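To keep things clear, I will list the structure first and then write my remarks on it.
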Amino acid sequence: MPAQQKPDEVTVQGIKEKLDNFADLENRELTAASGTGRLLFIKSITDPQIINRSIIAVFYEMNDPAAFAEYLAHYPGSKAVEDGKQAMDLMLGGYACVEVEGRLIFFDALKAETSGVSETVTESITQGPSDALTENLAVNLNLIRRRYQSAELKMESMLLGNISRTKAAILYDDSRVNHQVLEELRQRLQTLRIDMLQASGELEKYISSDKIRIFPKTIVTERPDRVVFNLAEGKIAILLDTTGFAMILPVIFNDFFVAMDDKIQLPFVGRFLKLLRIMGVAMTLWLPALYVAFTSYNPEIIRVQIALLIAGSRATVPYPSFVEVLLMLIMMEFLTEASLRLPRAIGPTATTVGGLILGQAATAAGLVGNIMIILVSVVAISNFMIPLNMMSFSIRVLKYLFVMAAAAVGLVGVVVCLVGFTMYLCSQRSFGQPYFKMFVLDSLGASDSKKGGGS
Amino acid sequence: MNQNRYLYWMFLMNSLLNILNFVPRELLDARFKGAQTSILVATVLGTVFLSVFTLLIAKFPGKGIQDILETALPKGVIIPLMIMFSSLWCVAGLITILSFVDITLRFVSPDTGPHLVILSFLVLVCFCARMDSLSVLYGMEMMLAIILPLIVYAIVKALVNPDFSWDSVLQIVTYSAHAPDWKSIAAATFSFSGYFNMVVFNRVLPKIKMKHSWIFAVNGLAVLLLTFYVPIGYFGTIGVERHVYTWFSTADSIRINTFIVERMLFVFYFAYLTLSLVSVTVHWHVGKELLTGLFRSRKQAKARTKLWRDLSALALFSGITIAFMGLDQYQLNQFGVVFLYARWAGELFMIMLLFYCYAVAYRRRNA
């Protein structure tokens, strides 16, 4: 058939060049007495059984390259291509490329890995895909490559850890990534001298340059769609074998407040949700501190009715407000930690005993004010509005700093802490890139130059 | 445009901060004399200074003031110059801190000791001023974005208040035909001197260009006029002279009916505390950079020595601040006014120096 004749511009050599830096590219020569053929496929996304049974075995059984070519061309699912772009699409879509008798035939060998992929646990969303990364690197690559079918998605692999020999894969979009960051990452990984490496969060600790780290500088996620979304933004993903989490870098502060279903919602709903999360962070940081400042130092700031209300609810409380706040906050942390470790079956007991009974009894006994209970619940709830766990834990610890400052100098302390917090965030860099600033204003001046880029 | 906005933020910060640095005090003292013409003259002069300075320093992209001076002046001249300029910035921050400590004790926390308050300010400022120049700029922008809405709200709320006496304002306007006087002009130009921080930030903002200077003029004029007229609208033409921190007393006269915080004073206080902390950070960062620049050696200093240098410069500034805590309100006011004049003279001097350096560089290039 003339349609299946090899077009001039598509060659095995060409495909290989386009897919260079693909560590999972397999390139085999098939040699039989009667002739030779060449087999090219991407290992991570193709099924070795199909390739063995339907291509390699048949090639040697037939022992006749011309007939084998005819066999392949008529096999359901095999395709011939017109141009290089289509060839690339097929290769990335799980096709194996067979060159025999001067013909180039693409053979469908897609491995759709579904077993073992479970639902997301730590980052659940309402709508959208719910598959999570698994402990198997090949499966993870499959989950990602299936979502990101572009020849620009490069992959480099290496072994980390002297004993654990953990397989690691660095994924990036070659046309969008910041090569300076990539170079820095490679350098840091090459100079890594460790024995064991078991988790993505652990890796962050080893490759980050600063000694004191208050905020996470990389995203650790279990969602393949988040990985893909970030890859398309020019970020780098590191996948580790044996862990179900990917690491994304460099990140900015705002990345931690993006949930994957923001995009699914209507734009104004998405913005609203993001605003809610930022308000949640503000609440969880400030509320306890402001309570201390308002009750112990500056009750005149708030309306007199509210001040009286708080004073009334605190009438029986026998110690200063910051002791009350610290007591309740610590109690809440105990509850959170305990319900995390408890087996599913007795989990509800902890919440009932801790939350309902303890809260009721504490106010009835006059140990804490009623308003304090409300406040602690708000703090606890709003803290967990942050979609990514690492950030939510950082914020959880930082609120104590604000409480301390408020206990020391009142409202002044809270404001001083706020300024220090913001300035500290601004001084942070994630792999040399700014971590926190008015990114909105940066893109205003640059108009569309950033938004472009091929699809 | 992308980098020019930082120049605007620096300008805006100083412009809004004039309330703390005794500018309204000076202007209101001259309200029956030449204050209003002085504001106009200061707007023109301030914009000219700003434009000329920015044009000149843009001829030396990526260079700090010390690098620029080194091209044209001998080392023996540069050292006293740098010490002089860095003390100017040290004092700028010092006055802001001291007047804010005074305001805090007077309006917000009368029962917290002054030492505790000043200590918390100093710790924060020293921590922040140590960061690198770009981070300081990012932080400044972020904080301004948070507090600008609050300040705009306070001003709008002040102007739409039915008790605002427009008659008093109009009466003061009838005194606008007096000749301007130097004292008021020197005070009012403080509103425009935010650009002065560029002597250090020029290193990290090499692409600054002077564009749309009318925005600076209009903005500066608007801020100065508000600074001047709003307190008069609240306290009357005579009563306005009885307040030390005129604007904080003004804010305390405004009530917010529909919010959990009832007195505008606290919203205003929050905004200005944030603003002044950021401004002191910026000023001391500049002062510190100028001072430690003197100890620069040709080879790259170790991180540890740099840390010690930064810390000792900032400790010096803090020490001076604490030493000045003994000043009472009247002395602080006098000191602030002297600083306002000294700063203006410093600006003029700096522009002349830059011009000289540019002339030298120009002659060298053409020779």
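Every residue, even glycine, has its Cβ placed from backbone N, Cα and C.
The transmembrane segment feature in TrEMBL is assigned to B:7-23, B:35-57, B:77-101, B:113-129, B:136-156, B:184-202, B:214-235, B:266-286, B:307-327, B:339-361.
Counting residues 6+ beyond its ends, the transmembrane segment (B:184-202) has Cβ neighbours under 8 Å at 6-7, 10-15, 18, 21-23, 26-27, 30, 33-35, 38-39, 41-43, 45-47, 49-50, 53-54, 57, 60-65, 85, 133, 137, 208, 216, 220, 223-224, 227, 282-283, 285-286, 289-290, 337, 340-341, 343-344, 347, 350 in the same chain. Using a cut-off of 8 Å between Cβ atoms, the transmembrane segment (B:136-156) and the transmembrane segment (B:7-23) share at least three residue pairs, counting only pairs 6 or more apart in sequence. Between the transmembrane segment (B:214-235) and the transmembrane segment (B:7-23), the number of CB pairs under 8 angstroms, six or more residues apart, is three or more, so the stretches are in contact. If you look at the transmembrane segment (B:339-361) against the transmembrane segment (B:266-286), you find fewer than three C-beta pairs under 8 angstroms, all six or more positions apart, and that falls short of contact.
Count of Cβ pairs under 8 Å against the transmembrane segment (B:307-327): among B:7-23, B:77-101, B:266-286, the largest is for B:77-101. Contact between the transmembrane segment (B:7-23) and the transmembrane segment (B:113-129) is absent: fewer than three CB pairs lie under 8 Å, with pairs separated by 6 or more positions in sequence.
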